[in-house]
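Below: one structure, written as structure tokens.
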Amino acid sequence: MIALGIEGTAHTLGIGIVTEKKVLANVFDTLTTEKGGIHPKEAAEHHARLLKPLLRKALQTAGITMEDVDVIAFSQGPGLGPALRVVATAARALAIKYNKPIVGVNHCIAHVEITKMFGVKDPVGLYVSGGNTQVLALEGGRYRVFGETLDIGIGNAIDTFARELGIGFPGGPKIEKLALKGERYIELPSAVKGMDLSFSGLLTEAVRKYRTGRYRVEDLAYSFQETAFSALVEVTERAVAHTGKNEVVLVGGVAANNRLREMLKIMAEDRGVEFFVPPYDLCRDNGAMIAYTGLRMYLGGVRFKISDTVVKQKFRTDEVDVTWS
């Protein structure tokens with residue numbers, strides 16, 4: 001079977017086409033601004049403007065037509081309301097026009113589910129992006145959140161710190177590069193709050209120290225990264241210990257960071273569990289993960305009426321009954 005998926009929860013519009021074992025197309029376009037940040041209205045306008053050309057490109061890349069598609073999936077949430085509504089409207093229109101079944105997909109779950117295309121069975125997932133930071137795993141028929149940010153996502157924290165340092169947006173690659181030149185660790189407050197995480201205190205103190213002018217930016221970048229990532233690894237390790245699972249996956253845009261990958265790999269080796277990171281185009285927000293998850297849901301018996309496709313801006317990961325996995 002072939003599924004087409006449309007992703008549009010935030011600033012990236014993605015369209016993916018997959019089978020159960022292969023990505024046939026995975027195209028996207030990201031709204032970028034000089035100062036960073038996303039205005040929901042601008043994201044919606046971006047998605048509406050690019051939907052047709054991206055759909056055309058995806059179909060051409062896959063070498064198929066809409067008639068060949070068996071199921072249409074879309075990101076139902078969580079995300080920015082105006083952006084989600086553009087995507088949902090497009091998915092409904094395609095489903096009705098071509099008489100195809102439609103499936104609404106939880107964006108966070110899709111980030112973990114796509115790893116199963118590569119043979120991952122039942123992992124603990126660390127999902128790290130601009131707006132989201134979660135440690136999740138399948139337990140009792142739902143993806144349970146074992147730890148999450150209580151304030152801002154790790155990606156937003158990194159980007160905000162980068163803006164304070166005056167090194168621009170996106171900040172992730174630039175902070176990572178600066179951190180490689182760090183020579184000493186500067187003490188910063190832990191981001192661990194029980195099983196959850198809070199990056200606001202860490203960010204505030206790092207910015208305060210920078211503004212004193214007494215510290216090298218390379219050392220601050222190194223210290224910020226080490227402190228934040230240590231917290232992520234600690235909470236992930238606790239989830240592994242609690243669940244007894246033997247696989248850890250790293251997904252989301254911040255999965256591009258090599259230091260975070262290294263730290264998680266060390267933890268996984270110490271605990272004797274497998275560690276996996278998908279190709280980066282399947283880590284970031286993308287349509288292929290929506291298509292793949294929608295296909296798995298459909299094959300597992302999940303069915304949606306058009307009336308079930310209302311978007312959910314605050315769609316919780318643990319709301320979904322996972323009957324297909």
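Every residue, even glycine, has its Cβ placed from backbone N, Cα and C.
Residues HIS107, HIS111, ASP285 are recorded by Swiss-Prot as Fe cation binders, and the candidate that the same record lists for that site, out of TYR98, TYR127, TYR143, TYR298, is TYR127. Cα to Cα, GLY131 (substrate binding site) and HIS107 (Fe cation binding site) are separated by 12 Å.
The Cβ neighbour count for GLY172 (substrate binding site), using a 10 Å radius and every protein chain shown, is 20.
DSSP assigns GLY172 (substrate binding site) to a helix in the three-state reduction. DSSP assigns SER129 (substrate binding site) to coil, not to a helix or a strand. Among the binding-site residues listed (HIS107, HIS111, TYR127), TYR127 has its Cα nearest to the Cα of ASN257 (substrate binding site). Summary of the Fe cation site environment: with the site residues HIS107, HIS111, TYR127, ASP285 set aside, the chain residues having Cβ atoms within 8 Å of the Cβ mean position are THR9, CYS108, ALA110, SER129, ASN132, VAL251, GLY252, MET289.
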